[in-house]
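Here the structure comes first, spelled out in structure tokens, and everything after it is commentary.
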Amino acid sequence: MEKTIMPGEALTTEEEFLAGKNTYVEDGLIKSTTFGNANLDHATKEATVKGKSIEPVKEGDVVFGVITNVKDNTVMVELKRGEGETKVTRRNAQIPVRNISNEFVSRTRDFYRIGDIVKAKVNRIDDYGIDLETKGKGLGVIKAYCSKCRHEMMSNQEKMKCLDCGSIEDRKWFEKEDEYKPRERDDSRGGFRDRRSFGGRDNRGHGGRSFGGRNDRGRDNRQGGRRNFNSNGRSNFGGRSR
């Protein structure tokens, strides 16, 4: 008996049947990619859906979603739709911290907040989930909401300003360039200078031979040495004169 089924709806389990036409596997369940009639063939052990075929999102496609959680190492996204004719059949995705921006990411909350609407590119799809990427211009937040009053925010390319309460926040705005810029080090703490020319080992007294090194205070030449032999082979220090 055939059953009408919706995209993303489960037909059966992966243990009982094989995924056939217009289906995919997620969390051990065989689900439909399209609207149509489900068919479970007990002879071939294949699950299929009769209906209009829908092209699901694949690696490299652009998708739109809503931020549902912001963690230290990843940002969780609920996918809403794909760009163009592609359809979203799996709703849960994430943006790993390494895929957020070309800039250095010290805090994920400086780039995304819960409720933001984002435009992202599918970086990887496997059995564990969907990884997204928002590096570069054209990807990132397309609509942001204030974390204090939840009203819509406006971008000036550098910061986001709430149109209601005036709060200022950071975001990875999709129109903003995010080219990699190495962090500058404070030159007063060493900087990028070659420290060897400013007191390095080659110039320090205890390491060099021409600035108070061992050759300048050798035992045979110093006046305060323990022993200094005269021409008769006797010591002038600590010995008895004859």
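Cβ atoms are placed via backbone N, Cα and C, with glycine included.
Quantities reported herein were computed from a predicted structural model and do not represent experimental measurements.
The Cβ of C149 (Zn(2+) binding site) has C162, D164, C165, S167 as same-chain neighbours under 8 Å, each 6 or more residues away in sequence. Here TrEMBL flags C146, C149, C162, C165 as Zn(2+) binding site.
The compositional bias 'Basic and acidic residues' annotation in TrEMBL covers 178-205 (among others).
For 214-223 (among others), the entry in TrEMBL reads compositional bias 'Basic and acidic residues'.
The compositional bias 'Low complexity' annotation in TrEMBL covers 226-242.
Among the features that TrEMBL reports, domain 'S1 motif' is placed at 60-135.
Feature annotation from TrEMBL assigns region 'Disordered' to 178-242.
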8 Å Cβ shell about C146, C149, C162, C165 centroid, Zn(2+) site members excluded: S147, K148, R150, H151, M153, L163, D164, G166, S167
Tertiary neighbours of C146 (Zn(2+) binding site) (same chain, Cβ under 8 Å, six or more apart): E152, M153, C162, D164, C165, S167, E169
Helix, strand and coil totals (DSSP H, G, I; E, B; other) for the domain 'S1 motif' (60-135): 6 helix, 39 strand, 31 coil
